[in-house]
Amino acid sequence: MSEEPLLKVENLKTQFFTEDGTVRAVDGISFEVYEGELVGLVGESGAGKSVAALSVMRLIDSPGVIVDGEVTFKGKTLVGYEETTGEPGEPPELVEREEMLTEEEMRTQIRGREIAIIFQDPMESLNPVFTVGSQLREFIELNRDLSGTEARAEAVQMLREVGIPEPEKRYEQYPHQFSGGMRQRVLIAMALACEPSLIIADEPTTALDVTVEGQILDLVEELQRKYDTAFVWVTHDMGVVAEICDRVNVMYLGEVIEQANVEELFYDTKHPYTEALLASMPRPDRTTGELNPIRGVMPEAINPPSGCRFHSRCPDAREVCRRVHPDLRAIENGDHDGDENGRVHRAACVKHDAFDVGYPESEPLENEATGGFEVGLTQEGSR
Amino acid sequence: MMAVHETQGEEEFADEPTEGGVDEVEARVGLAYTLKQVKRDSTARMGFYIIAFITAIAAFVSIDYYLLDYAMAKAIPFLHHPERDPEVINTLLPPVGMENGLGSGTWEHPLGTDHRGRDILTRLIYGTRIAMTVGFMATAIGLVGGTLVGAVSGYYGGWVDDVLQRITDTIYAIPFLVLVIAFMSAFGRDISYAMVGVGIASIPVFNRLIRSRVVSIREEEYIEAAKAAGVKDRNIILRHVIPNSFAPVLVQATLQVGVSILIVAGLSFLGFGAQPPTPSWGQMLAASRNYMLPAPTFSIWPGIAILVTVVAFNLLGDGLQDALDPRINN
Ligand SMILES: Nc1ncnc2c1ncn2[C@@H]1O[C@H](COP(=O)(O)OP(=O)(O)O)[C@@H](O)[C@H]1O
Ligand code: SF4
Ligand SMILES: [Mg+2]
């Protein structure tokens with residue numbers, strides 16, 4: 001694998017300036033995607049995954065603004081500002097760096113051609129008044145220099161490629177004549193049509209039932225091998241992550257709180273939130289039956305908690321967690337620093353030695369997970 | 001690879017389509033699709049046939065008027081010159097088989113004659129030209145203007161939207177007829193100003209309709225998907241937003257043609273619009289009003305013509321509403 005990442009996101013911040021206040025939907029996330037890699041972006045609903053995905057494509061609409069950070073893709077600057085100034089609560093004055101692509105360049109060079117995106121709802125992502133084939137063909141014509149008939153042949157070929165039976169006939173049909181799984185295949189075909197280097201898939205299988213989801217995941221793995229396309233796979237489902245991802249970024253309330261390759265994330269979990277997510281998912285390898293849903297609800301992104309944002313729900317929370325806001329740091333892994341590609345396991349949790357802010361001496365914190373709010377009802381919860 | 005896909009056969013298709021040949025139209029918008037739908041709805045079909053009939057007559061008389069200088073009117077036995085006073089003047093004759101104080105009806109003038117002795121049937125037939133031209137042109141002006149304003153307004157939102165909608169509100173606040181009469185007083189009493197005036201006055205109708213469609217379509221995921229695929233704003237509006245507004249707009253346009261015909265007839269009645277001797281229904285109605293007692297049938301005929309035409313457009317409009325309803329999958 002090449003050393004330079006395909007996509008590099010650094011300290012990306014996207015905020016929505018609403019009447020109720022500033023929603024810090026994405027609050028300084030950093031991650032990389034290397035060529036041909038399947039990277040997961042996982043977290044509960046509202047964690048900021050979709051906003052992060054759209055920010056990379058610069059598809060954030062008012063009242064949302066990408067207020068800070070840098071996104072580079074194949075050496076091109078998709079997002080990059082000179083110093084930003086502004087009052088809190090107001091959209092800042094942004095001065096774009098010279099090398100930052102213009103909207104026109106984003107449209108003609110990046111969107112659809114280099115980075116494609118697949119949205120969550122396959123029922124809604126196709127225009128109901130046109131045949132599936134004409135939409136696919138239009139998209140191919142838009143992005144590649146092909147005549148109408150060539151584009152049509154290509155479109156039929158793409159439908160075949162993504163496993164749609166009788167593609168010739170299906171080409172002539174409308175979206176409502178397709179099932180959810182079949183539509184998602186069409187969207188995958190559209191995304192692949194220009195052979196982009198990166199596809200961002202925003203919960204593409206969430207709306208599908210499990211069997212169909214499995215088939216789509218198989219298809220994606222197969223196509224990914226064939227085309228060597230990198231993927232950012234957005235999901236809230238650890239099961240999907242386990243099935244297809246190479247590396248994973250776990251998001252909580254606008255931040256990436258753990259970053260590791262998929263084996264380490266599952267078998268050497270460093271962040272209590274990731275642990276909680278894992279515990280809440282059914283796992284065939286852990287026979288002890290019970291599922292433990294994460295206690296409490298994720299706080300609002302308008303007013304994130306002080307210190308570690310997870311402290312209100314973290315079973316390991318201590319006094320210090322309320323004061324110290326942990327950044328994402330490399331955590332030693334005992335036997336090695338990073339995986340075979342030199343990519344390190346990072347986590348944002350002060351209980352690790354890398355932080356050294358006095359976690360061991362700190363008093364345990366009562367919260368939604370440790371039972372502080374239900375004192376007297378579930379005593380065994382508090383330690 | 002195929003092996004993989006064959007195992008996916010279990011995956012269910014939505015409703016297995018009943019048809020799907022190669023000639024299936026590419027889009028659920030457009031003329032071919034609309035005609036197909038209209039054929040299935042009996043109300044729409046009836047309106048459609050009446051309109052087709054009247055339009056055919058209008059086309060025929062327009063050719064005769066513009067290109068042949070009424071040569072056809074002279075050549076066809078039961079027609080007379082629609083404008084010129086006849087040589088033998090029999091004013092206000094009743095329809096054939098009836099009698100009034102001025103004489104009895106003859107086959108020469110099956111529907112009778114007007115106050116100058118001109119053949120009413122001929123003038124009714126030649127009156128279709130003004131009615132249909134005005135109806136269609138005024139609607140076209142309103143449609144194009146309203147679609148542009150509404151699409152831009154709804155798609156971009158913000159201050160663009162505010163400015164355009166406030167202007168629209170202002171136009172909308174003035175009664176239709178007053179607006180058109182003011183417009184014609186400023187520019188001229190000619191029928192073409194009536195057409196433009198009614199067209200401009202109906203811009204708000206389409207503007208609001210399109211805007212509300214656009215505002216809801218703008219939030220659809222396929223718009224976001226198109227943006228993410230690098231489609232230009234202009235193409236998003238043309239390819240996605242407007243076609244998705246096609247059905248309600250077509251319905252509105254159909255109804256609006258009827259409304260425009262009615263309005264212009266009203267204007268002609270008031271002396272704005274087609275000027276004598278050009279045959280037009282509204283102006284025939286205006287002329288007949290002085291002869292209600294001696295020749296009541298004189299005013300009935302143009303009334304019937306207007307009624308039938310306007311009802312036909314309403315029938316088609318209502319029928320289309322059902323036929324093109326996207327919630328009904330047929
Ligand atoms: N258009 C918007 N206006 C205001 N807040 C928004 C908007 N879009 C997203 N948000 C907020 O941003 C946060 C992250 O949302 P999202 O990225 O959609 O979460 P996820 O995809 O992880 O479920 C949420 O708190 C959400 O309320
Ligand atoms: S920093 Fe504290 S509250 Fe946050 S995850 Fe670690 S232990 Fe839990
Ligand atoms: Mg989401």
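A Cβ is built for glycine as well, from the same backbone N, Cα and C atoms used for every other residue.
Since we're looking at a predicted model, the values are computed, not measured.
Going by TrEMBL, these are the annotated features:
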| type | residues | note |
| --- | --- | --- |
| REGION | B:1-21 | region 'Disordered' |
| COMPBIAS | B:9-21 | compositional bias 'Acidic residues' |
| TRANSMEM | B:46-68 | transmembrane segment |
| DOMAIN | B:128-317 | domain 'ABC transmembrane type-1' |
| TRANSMEM | B:130-158 | transmembrane segment |
| TRANSMEM | B:170-187 | transmembrane segment |
| TRANSMEM | B:193-210 | transmembrane segment |
| TRANSMEM | B:249-274 | transmembrane segment |
| TRANSMEM | B:298-317 | transmembrane segment |
Checking distant contacts: for the transmembrane segment (B:46-68), what same-chain residues at least six beyond its ends satisfy Cβ-Cβ under 8 A? 38, 125-126, 128-129, 131-133, 308-309, 311-319
Distant-in-sequence neighbours of the transmembrane segment (B:298-317), which means Cβ under 8 A and at least six residues beyond its ends: 38, 43-44, 46-48, 50-51, 54, 92, 111-112, 114-115, 120, 124, 127-128, 131, 135, 251-252, 254-255, 257-259, 261-262, 265, 281-282, 284-285, 287-289, 291-292
Grab the same-chain neighbours of the transmembrane segment (B:130-158) for me: Cβ-Cβ under 8 Å, and only residues 6 or more beyond its ends, written as numbers and ranges. 54-55, 58, 62, 164-165, 168, 191, 194-196, 198-215, 218, 233, 236-237, 241-242, 245, 249, 253, 256-258, 260-261, 263-265, 268, 273-274, 278-281, 305-306, 309, 313
Checking distant contacts: for the transmembrane segment (B:249-274), what same-chain residues at least six beyond its ends satisfy Cβ-Cβ under 8 A? 34, 130-132, 134-136, 138-139, 142-143, 147, 176-177, 180-181, 184, 189, 191, 194-195, 198-199, 202, 205-206, 209-210, 213, 280-283, 285-286, 306, 309-314, 316-318, 320-321, 324
